[in-house]
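Chemist: What TrEMBL records for 4-68 is domain 'DUF1899'. Among the features that TrEMBL reports, repeat 'WD' is placed at 77-119, 127-169. Taken from TrEMBL, the feature compositional bias 'Polar residues' applies to 399-409, 527-545, 558-568. Taken from TrEMBL, the feature compositional bias 'Low complexity' covers 426-464. The coiled coil feature in TrEMBL is assigned to 483-517.
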């Protein structure tokens, strides 16, 4: 007699539960871009979805309580000149989101509490460096204001958003970069590329630590760092069958596990929960969400179950653990977008009878506070992300602060305007983008040169008339004179045009009268007009009098009797 041994796991009975339609989001115009992205980003405050937009790129931001049918004219975040390809919420500020677009620009936005009341087009800061479209934006897990961007120019750029400057430029990829992921403390970076290779990099120096072939197929691959250092990848084999693998960083070319799944064409996105070591595989165009558990025992990646829906998914987003409902034993929450415009909310639940807090399901999870600053990180310091307990429900300990951007001068900045003596106007702070000040997020740093002056000097300066404004080396008086000159020229040209119009109307009336009376020889009183032929100073006189020289005597009297009325 044989016995089947069932693997013991507290996640063996996890099941998916879809919320009712009235608790979901409907009438959303999901982006039709062919770029392989999730098109959706979620945090405990907001849901952001990339949507179709005429005249540029945009995405919609919805508070979680705004469910139901979304109005077609709902406010958007729409400052890009090309379609938006990827968005990502800042893990340390739930009101800040970054977006990358086909217009080669990365923009960082500040979303007000309560959501948008009007369409916003002015970001906190523009990050301009890439020469081709930007298809990937990714925040650092523990360092404040550190953002990674990757584009079709085969570059990875790491930014300090707080200053708007480039920290690191990595150019070791020969082709398009498909994905990138930080490890647990942000000290290493794993990337996948169109050349089928997976690479582990030092993000501070751009040094290539190791590389290997990830999957043999030519379609897009994805790779993520697991919490304990292993790497999980998804891709295709040579027969275009989808597969996943588990690898160790020191042996990338020798996978621990390599499993074939199916023959679908959609790219699989691995969504990882570091608290439970669960991986959810969501394919573009699929109607299922598969979930696996990673353990130290064979076969290391254990299939648990799948959630099936009748509709295929266009995009999907995963809620961070601090946004889940611990009272119902909710392990994960997905926001799944269909082609019909419905954003379906799906909860992954572990069935438990007790209503007490389940400590084994909810270890300390990622908090919304940074561990180190961007300056400390780039100087070589590493730190694990801050953790917080979910017992009693998550309550943010950080205040709702606005992103402060103090731009520093670098080679990407335009040269600041020069004063009369060659000194920069307003200093380096004047080169700050106007959007940073308009959102109230940039501190007013202009006029710092006056802070060292004595109080008496400042008082005398206040009583004196203001100095003339200088724009790009041209004084205000010179601009005024130039404007006056242009206005005079315009006035003269308009007067000439009016005279010509009057002359044309007079000739047309004469011709009409001749045609009505059937005259063969003009009558002098009829043809004499009171409007003289205008002359233009500085131009060829023959142009204005050409008609008179050919068919008249110069005084408005026509002498040719063979002239047809329609030839006058």
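Cβ atoms here come from the backbone N, Cα and C positions, even for glycine.
Heads up, TrEMBL stuff is auto-annotated, nobody curated it.
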Chemist: What else in the chain is close to the repeat 'WD' (127-169), if you only count residues 6 or more beyond its ends and a Cβ gap under 8 Å?
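Modeler: Result: 35, 37, 82, 85-92, 98-108, 175-177, 179-182, 184-186, 189, 191, 201, 203-206, 366, 370-378, 382-386, 403-408, 410, 412, 433.
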Chemist: Write out how many residues of the domain 'DUF1899' (4-68) are helix, how many strand and how many coil, based on DSSP.
Modeler: 3 helix, 24 strand, 38 coil
Chemist: If you average pLDDT over the repeat 'WD' (127-169), what do you get?
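Modeler: A mean pLDDT of 95 is what the predicted model shows over the repeat 'WD' (127-169).
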Chemist: Could you give me the DSSP helix, strand and coil counts for the repeat 'WD' (127-169)?
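Modeler: Result for the repeat 'WD' (127-169), in helix, strand, coil order: 0 helix, 25 strand, 18 coil.
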